[in-house]
Structures are given as structure tokens and as C-alpha cells.
């Protein structure tokens, strides 16, 4: 084990001893606190039970005194209860109500301290039966939503029970008894007290929603209640909802009630931890001093040895720059001096080897690089020569083809020139025809516009004709109406003439003529109406047909505009084609002259290229010989480079 580990082991032993001391102190203090709390809580429960006894005794004494006094007066129940009202009113925090019930007259009354009410005697017979054979009776119940403990005492007159007197002890959160039990019964900050009947029913709890519940339903009190019923251990520890709790019980002397005082152990132990904090701080300071003394005395030696071990490790890995310093007169200093001498001797030897290896490596690298470059250049030159030779051969073949092609181009250029001239003449004819077509389309457009105007006017005439037919129809209806009225008048006139006898005969002839004229007018109007009906039908057909014609004219007008637009575009494109044909003709004439000159020049170039090809064939054979020699030199240089790299690898392990 190294010295450093031994030092740390010693420190760990010291710290472990301190921790063990802390634990023993904590256990001792915790046990002392628990014993002290147990004793204090038992005394607290006894004191609380005495308080409950005094409270219950006071209530029972008041009830008995009232029963004794009232039993000798032969009062009616209402009058008895009216006297109890003052007692309830003065002690609201103790009493919730009072009542009396008399058996001989079946009367009963109740007071809450504010008023007295007559009540049904039958509702209180249960109390009379419950107190039979007893001098006092307690009944837990709820009065107007308030939990109470009802105390019932019999009224005796001349050794005969004539009724009962009862008081309801207030058990709500506002009552003195609740505050005393819950607040004074807490064994810790979050604890509380309980008042429970002998059959396990809860009378007082910090949450009065648990009133009259079985104490076993609350959780955690089962063991304490069993000990109370059996008269066993008064201090009970248990775990509830993951927390350690304790409960102390005490029986209320003279009554079948139990007081339970409960609290949380953790809250009490927290107080104990505060008490032991000073002792723990003292131990911590003492341990810190010991730790500091060990650290100051041992760490310099450990640090020096670690430094030397690190230097030896680096020296063994080849780092010759390590310097061993010999300071002091101890054994560690002698080791440092021996290491220093060995390092100097080895360093001189390695430096010489490194320098020789560097020179050899540099020379071999230069030879290798030069030979590789020479070999690569030879290979590249050979490849380039092949490419040039291939290109020259290709060029010679291409020049031959180009020469024949140029001659063909010259002949074709002349043909193209003639063709373009013919094409120019024909395109001009097409242009002329397109212009004439455009003019005719525009003329057709004018005619279509006139037709459209005529159609619009015809549409207006038809509308006027329809309106006139409607007017005539209205006039005919008027005439028909007049004819009917005239016929009616003629009929009336004939009737009057008949009444007048001979004097009215001339008038009857006139009336008959008027009637005939009216009938003819009626027939004429009917004929006119039939003709108008036929005319209207014809007009409707004409109007429907004219609508279709108008729509067709509109479509023709739109299509005429579109055709005119397309003709104009065609004319523009034809003019562009004419311009391109003229340019092509001029270019063809120029290319014909140039092609003849190119054919002559290409013959001369072909001859020169053939001479170059012969020279390249001779140069290729020379380059192949040079490439073979360069490859041999490169192989020898590569072998020398490998040997120098091996030597460099060996000496690189050392750092000087």
C-alpha cells in the first residue's frame, strides 16, 4: 500500500470514529427525550382527565341541584325550563341547551338560552327510560347540527320520580371542553387530544366531522384503545401514514370516558437535535483540527514522492528531458542523485543516435522524392506523347475529311444561294397574299359591325312592336268593355220603351239599333283580340329567333376580331421570315467564297501534320527507355527510405 493511501486510511478511521460518536450521542439524547416526553405526556393526560372530571362534576352538580330544587315545587315543565334558561344563557361555552319533562302531566319544554319552547313529551320519553334505575345518564347526540353530550338527571318528589332534567354539554370547536381536550392534549406541535367513550365512540376530536365514529376507523389508535380497555401500557408507539407517532391514554375517574394524548416523534426528536447541536459542532471542530494536522505533516512527503514517481515513469517512457533534482539528505535524495547520473549518460547516447537517424532519413527522403518525381515525369511524358501522337493521327484524318467537306460546302453554298433567291421571291408573294387576306378580314369585320348595328336596331323595333301590341290590346279591352255597357244600356232602353207602350216605340227601334251596333262592336273586338293574340305569338317567336340571331352576330363579331388579330400576327411573322431569308442568302454567298479558300489551305495543313506524326513516333521510343531506368532508381530509393523510417521510429521513443 502506498504512503498516500495509508494517510487517507488513517483519516478515514478518524472520521469514522467521529461519526460513531455522533451516532451514540444522538441515540443517547433521543432515548432521553423519549423517556422525558413519555413522563411529561402521562402527567399531562392525568391533569387533563382531572380537568374533564371537574367539568363533568360541575355539570352533573348543576343538573342534580336543579332537579332537587324543582322536584319540591310541583312546577309545570315550561316553568321549570324557564328557570334553566338563565343557566344556559350565562354559560354558552359549556351548555348548548337544557330541557325538562314531567311524567304526571306529560309536559316537556326546551331552551337554548335565548327562548323557551314547549315540545312533544313523546320525544323525551327515551331519556326517561334511559335513566330508569340510575341517578344520572350520559347520551352523545347532535342538537341543531352541534355535537353535544346530554346529561340527564331524574326529578324526585316524595321518593317518586316525576320527571327529568337534562343539559346538553357543548362539544363543538367553540366550547371550553373541546379547547381543553384538543389543545391541552397535544403531545407535540402537530398533536392533539381525544375524548372517547368506553365503547370506542369519539366525543371530541380536532376534526368534529369524526364525532361518534369508532376510534378504530381513525387509524393508528387501535392499539392504544386496546391497551386502555385492558388497562395495559399507557404509552404506545406506532407508525401511521409513514410517520412515527405515540399516544398516552388516561381513564377519566368516575366516568366511562378515556383521554388520549397523541403526538409525532419526529417533532420531539427535532428538539433533541437542537440540544445536541453544540456537542456535534465541538466534535466536528476537533476532527477538523486532527485532519488538518495530518494533512499538513504528511502531504508534503506524499507530494514529493508522487513527483519522483511521475518523473521515473516519464523517463522509462523515453522522455529524457526529465530532470531529477536532489534536495536534502534523506534516502529519497540518494535515489534522485542516482537517477540523475543515469539520465545524463543515456541522454548523450540517444542524442547522437537521433542526429544520425535524422541525417539518414533526410537523405533517403530526398532520393526517394527525386526518383519518384523522375519516374512520374517519365510516365507522364510517355502518356502525353501517346496522346499527342493519337491526336496528330486523328488530326490528319480529320483534316482529310474537312478538306473534302469544305469542297462540298463550297458547292452547297452556291446551291443554297440560288435556293434562297427563289425562297425570297416566294415569300414576297406570300406576304402580299397575307396582306390582302388581312385587308379582306378587316372589310368583313366592318360588314359584321354594320350587321351588329342593324341587329341592335331590329331589336329596338321588336321591343316597340311588342309595346304597341300591348297598347292595342288594352284599347281593344276598353272597346269591348264599352260595347258590353252599350249593349246593357240598349237592353235597359228597350225595357223602358216596352213599358211606355206606343209612345216609346220609336225609342225602342233606336235602342234595338244600338244593341245591334253594340253586338257588332263586341264581335269586332273579339276578332281583333284573336288577331292580337296571334300577333303576340308571332312576335314572341320573332323575338326569340332574333335573340339567337343577335347572340350569333355577337359571336361572329368576336370571332371576326380574333381572325383579324391572327392575320396581323401571321403577317408580322411572314415579314420576319422574309428578313431571315434575305440574311441567309447574303451569308450563303459569303460562305461560298470562303469555302474555296479554306479548301486550298487545308491541303497545306494536312501535309505539315503528317510530318509531325513521323517525329512523334521516334520520340515515343526514346521516352519508353527513360521510364524503365527511372523505375529502377525509384525502387532502390524506396528501400532506403524504409530503412531510415525504421531507425527514426526507434529513436522517436526518446524525448531529449
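Each Cβ is built from the backbone N, Cα and C atoms, and glycine gets one as well.
Among the features that Swiss-Prot reports, transmembrane segment is placed at 6-26, 276-296, with the record citing sequence analysis. The annotation domain 'HAMP' is assigned in Swiss-Prot to 299-351 on the grounds of sequence analysis. Residues or ranges marked as domain 'Methyl-accepting transducer' in Swiss-Prot: 370-606. Sequence annotations record features per position, and here Swiss-Prot assigns glutamate methyl ester (Glu) to 401, 407, 590, 596 based on experimental evidence.
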Separation of alpha carbons, residue 401 (glutamate methyl ester (Glu)) and residue 590 (glutamate methyl ester (Glu)) (Å): 22
Number of Cβ atoms other than its own within 10 Å, given for residue 590 (glutamate methyl ester (Glu)): 11
For the domain 'HAMP' (299-351), mean pLDDT (0 to 100): 67
Local Cβ density at residue 401 (glutamate methyl ester (Glu)) - other Cβ atoms counted within 10 Å: 11
